[in-house]
């Protein structure tokens, strides 16, 4: 099926390439005109282009001249002239495509063309790279072109303060990593003041190594979190010790493919004996099951120096695709704590999610998106389906002459490693540079130790030495160099035969104290001479290495993805240079062991002589099939992550847009009045007890609720009198009007006390406080709903449909809770404590006093919430790496009706938010009719009044709702 889609996507490829060639021809015709321009004339082009845009011309109209201008400026500042294929790549990016350009084709330089062109609109261009170093390096180097043309350049890196970030985002072109851009978006939607915002919109983005960021990283949501309540450290430590006493396959089972574990009956008995409990599955022990499962996962599925490293007493995750450390990122749902307990380091507190978004949904916000990579064609269908991005293969500037040798396959890892060392030694003796690619930190260290034994000098580049990355890669193409590196995917720095000229020149100038940011004039003056000197030094060595066969890439095992294998191979043979690549495999490699067990068993049974490689088409085919199986599985996981996040994305879009409106000063006084009316209406309707006769209503319960909401002056007798002789909606309307008139009269007095501006400020601050608190609680509940939703499949119900339906109900309940709590807060704040008289005699509010009052009220209203505006900034935001495992949940024919029903309900969420003129519905319950589920679905799981004494607050509720106990039946204990 995927092959058919790929063919369909490629049908118009030839026409697109012709169109790109026409752009290159148009630019070439302008080159003579640009060459004779003075520097000042070239600098003046930017103002002319902006004027033409203002007069109605389009970016497409300006493209040939703008590209020709950038090309000429690049020649004068960097000494680099854009090739025709680079012009084609620039046009592809401008039109919102992925330009597939092989390694060494100068993708970084290509990005300058569409970046400059689109920056002319003044809305900002974002260039996304894979790490902070590349963001800084590229913004400095390519920034010389932009600054020459009067454009400002920014760079977002880890550790910058908000004021500095805002300055960088306000630049015409801003470089940074995907995580920095994504987290800034989330932080902006947690800001409390307008001047705390740093981003200014999402106009146009160019994503470098787009497959790494939008495909490989797509399974990991960006999550800003903070410590949750309770200290459960002892449980993690206790279970880390207990699982050491359990035996695999006897006490528990492990599925390495799906990364799941399951406790068996003998294991349950042992755990119950160790803990001194009668039944592990009693409601009061439910939380212990989570600790047990995480401890087993930490023991069996997450290995040190493969999945993580321990540095400075911290467990740091290693990116499985690039081999880089992911600082600040933590596994979610207690798994990271289980690993910390296993490694006997400090177990940090569990986290609660404050804000989250997937990279898929973040990048889909951009008005225009484009990307560059050397390997995108294998994922063309996914790029089109998820991001509406076409893939255009750009022809190389020079033919690729690298020789890709057949794989050598050995029976055991020991035999494979011996053959690798022998091959490297032979290449090193003649001076050919060698790059060894490994799949993990552990593998790289094993290979390094074997090279030490035979005294082959080499450099190691893995998660433990990532600071040296660019420097190591820049010299990996020199004569005799041997480099051992974890996955080279997305490394970003080209391996040039003889050495990377630009990098070496830049490093020499910086060593002398010159940089394009701090000393731009001196740097520019010294650059041509330094570059020329380095080129001369490298030139002879470059030719010598070419004669030796170029860079030899040796893969020590196949990766799960063919695309990442191709990226490793692609480090050799750049710009028409010679090169060679080969992969060494063994039947003990994880890929073969887990995904092609029958083939492995068949080959092993043949009894091959030790040390002899297997050359078999069936084995090579088996490797490809194993990779396809993993790729297919990972694609399903990504699709399901997106499906589930799309539910949250609709809700997040509404909440964040309305939050921004409040933050930026929108007058919400009428909305507050609507909150009062809506909440009181829901109270009165809730008191009806299903009867239209006022005599049957719960008047005492109604007045208790109303008095908790605001200090009403209406009496029960007055309310009964208003409803006398009326029934149904008319009776409700009469009582509601009585309460609303009373509440609004009291509320109007606030304006007299605080002044109009003071009250508007107070309204905004309270709405933000309540919205943030309720949104965090909502994320918390949605997380737990998703964790348990897979079990619905056992009842022949589609888990995704159930998640959509229940998430939709929970969203509506959150909206009503925000209204209710906002009104309650506003009426209970001590106005005397926040009012102040200004020097001119006018009234206003004391901001600090408001903060204090809000926090106090927030604690009163929501006891479970530990974080509020007062201390949120004290907690460093953390990104939790979580892979959602819903890939195996498939729709069945029986679910078609449910799918339609969920679509009808779930798709309407973006139409209904917190702010707006719509009055409260007269339907039964608290939820407006335009978004209210069926009445029987309004019953909450805890409405039966049950409690489960002894259940920990943060444990899953024994009722099976999927919520934590404190958010479910635990509420009945209050």
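Cβ coordinates come from backbone N, Cα and C, glycine included.
Record note: Swiss-Prot gives 86, 104, 105, 106, 107, 108 as ATP-binding, and the candidate from 452, 494, 506, 517 in that site is 494. The local packing around residue 104 (ATP binding site), expressed as other Cβ atoms within 10 Å of its Cβ over all shown chains, amounts to 23. Around the Cβ of residue 105 (ATP binding site), a 10 Å sphere holds 24 further Cβ atoms from the protein chains shown. Counting only residues at least six positions away in the same chain, the Cβ atoms of 103, 104, 473, 500, 574 sit under 8 Å from the Cβ of residue 494 (ATP binding site). For residue 108 (ATP binding site), the same-chain residues lying six or more positions away in sequence with a CB closer than 8 A to its CB are 138, 141, 142, 208. Highlighted in sequence order, 101, 103, 109, 110 have their Cβ within 8 Å of the centre of the Cβ atoms of 86, 104, 105, 106, 107, 108, 494, the residues recorded for ATP, and are not part of that set. The Cβ neighbour count for residue 969 (Zn(2+) binding site), using a 10 Å radius over every protein chain in view, is 24.
Within 10 Å of the C-beta atom of residue 107 (ATP binding site) sit 25 other C-beta atoms, taking all shown protein chains into account.
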